[in-house]
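Heads up, the thing below is written out as C-alpha cells.
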Amino acid sequence: MASYKELKEQFVTGFSGSTKFDIGIICFFLPLSLLISSLIHNKPSLIYNFLLLVLPIILSVCWTDFTEHKLLIIIILVSFYRKSLVNPLTNKRPAFTFYNSICRYDFITYYRSLLLIATCVSILAVDFPIYPRRFVKTEIKGVSLMDIGTGCVLFSSAFVARHTRGEQKITQRIPGAFMACLPLLVIGVGKFFAHTVVNYQEHVSEYGVHWNFFMSLGVVVLFSAVITLKKAQALTLAGIVMISYEVALRNGLEEYILNAPRDSFFSMNREGICGCVGFFCIYQIGVGIKDYILVKDKEFANMIKVFLVFALLSAAVGNESRRLNNLGYVLWVVSHNLFCMIAVWVVERMSKNQLRNVIIDAINYNQLPYFMLSNLLTGAVNLSVQTIFTEDLLAFGIICLYMFTACAAMWVLQVYKIKIKRW
C-alpha cells in the first residue's frame, strides 16, 4: 500500500495540461477583479480589499465550472458602475508615478502583484482536490496554469530590475549581483534541507532532486545582472542562446532530460539546471522589450505590436514543455505575459482615479517576503492537513484563511514601514 507521501506525489504527477485559451480566460479574471474592487470600494481597507480582490481570484482559480456565471456578474457590476469608467485610450490621467526619482508605471505594479497573488493561491490550492487537475504542472509537454509561474516572475522582474537602468559600472554590478542572488540561493538550499528533514513530498520532474524555484531565480538574476545588456543586445543574446538550446534539445538533450538515470548531481537536477537556459532567455526578452514598450502615451500600441509578434511565433512553434523550457515554452510565456499586461493596462486606464488597494501596495512593498511566507504557510498546511482527502468547502476555507494571513502580514509590515530587502 502506498504511503501518504507517495499518494501526494501521485496527486500532482502525470498531467498533460489545458489550453492556452483556457489559461488566458482564467488570468483575465485577475485584472477584472481589480476593476470590480476599485469600482465598489476604492478606499484603503484590508478587509474590503481582500473580499473584493483576493477572494474573486481564489474563486476564479478553484471553481472554473462557473466561469460563465462569473463573467455575467462582472458585466452586470460594470454596467451598474459604468459612470465611473472612462475610455482607456483617452484617459488623461498620468500612467506613471515617480518614486525616488524613478518612473514607475502603475499597470506594471498592479500586474506583478496580481500575478503573485494568483501564484500563491495556486501553490497551496494545487494540493487540494478543489484545484482543477488540468491546471497542475504538466509532466512532459503541454500548457497549464502552474506552468507559467516561474517564467512570469522572471519576465515581470525584468521590467523593474535595478541593473537594467544602466546606473552601475561592471565593478559595482558584480558584487551587487552576487549579493542580490545570494539570499535566493540560501533560501533554495534551506528549502531543500527543510523538505528533507520533514520528509516533504517532492515532484522530482519539476526541478530535480535538490533544485527548486529559488535556485533558478538566483542563477538567472546573477548572470543577467553581471552581463546587463541594452534592448537590442539582450534580444539578440536571447535569440542566439534559445536557438542553440533548441538545437541541443533536438540532438539528444531532450532525451537526456526526460529519461536519463539520476546518478550524479547534474543528472539528479537536470530539469532545474538546464531549465535555467530557458528562464534566462525569458528574462532577457523582458529586458529587451521593456524600453520599447514603456514609452509615454504609446504603451498600449507598443504592447499590442509586441504581443502579436510573440503570439504568432508561439502559435507557429508550439510544442511547449515546461520541463524542457524549450523554445515553444519561452514564446508562450512571453506572449501570455504580454496579454496579461495589456489586460491590466486597459483596466487601470478605465478608472477615472488612480486605483487604490492596500493589498496590492503591501505585496509590492515586500514581494519576496510575501512569496516566502506563502511557501512556509503552504508547508505548514500540508504538514497539518491531509489535503488530498479534504472536501471542497473546507479546502476553500483553508485557502482563504491562508491567503488572508499572508496578505495581512504584508499589510502590517507596510503599515510599520518594514521593508525586508534581499541585500
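Note that Cβ sites are derived from N, Cα and C of the backbone, with glycine treated the same way.
Per TrEMBL, the stretch carrying the note transmembrane segment among 236-257, 368-389 is 368-389. Long-range neighbours of the transmembrane segment (300-317) within the same chain, counting only residues 6 or more positions beyond its ends whose Cβ lies under 8 Å from a Cβ of the stretch, are 20, 88-89, 289, 292-293, 327-328, 331-332, 334-335, 338-339, 341-342, 345-346, 349. Remote same-chain residues near the transmembrane segment (210-229) are listed as 149-150, 153-154, 157-158, 161, 163-164, 166, 170, 173-174, 176-178, 180-182, 184-185, 187-189, 191-192, 237, 265, 268-269, 271-273, 275-276, 279-280, 283-284, 287-288 (criterion: CB distance under 8 Å, separation of at least six residues from the stretch ends). Contacts between the transmembrane segment (368-389) and the transmembrane segment (329-347): absent, as fewer than 3 C-beta pairs lie under 8 angstroms at sequence separation of six or more. It is 46-64 that, among the stretches 21-40, 46-64, 329-347, forms the most Cβ pairs under 8 Å with the transmembrane segment (395-416). For the transmembrane segment (46-64), the list of distant contacts is 26, 29-30, 32-34, 36-37, 40, 70, 114, 117-118, 121-122, 125, 130-132, 135, 145, 357-360, 396, 399-400, 403-404, 407-408, 411: same-chain residues at least six beyond its ends, Cβ to Cβ under 8 Å.
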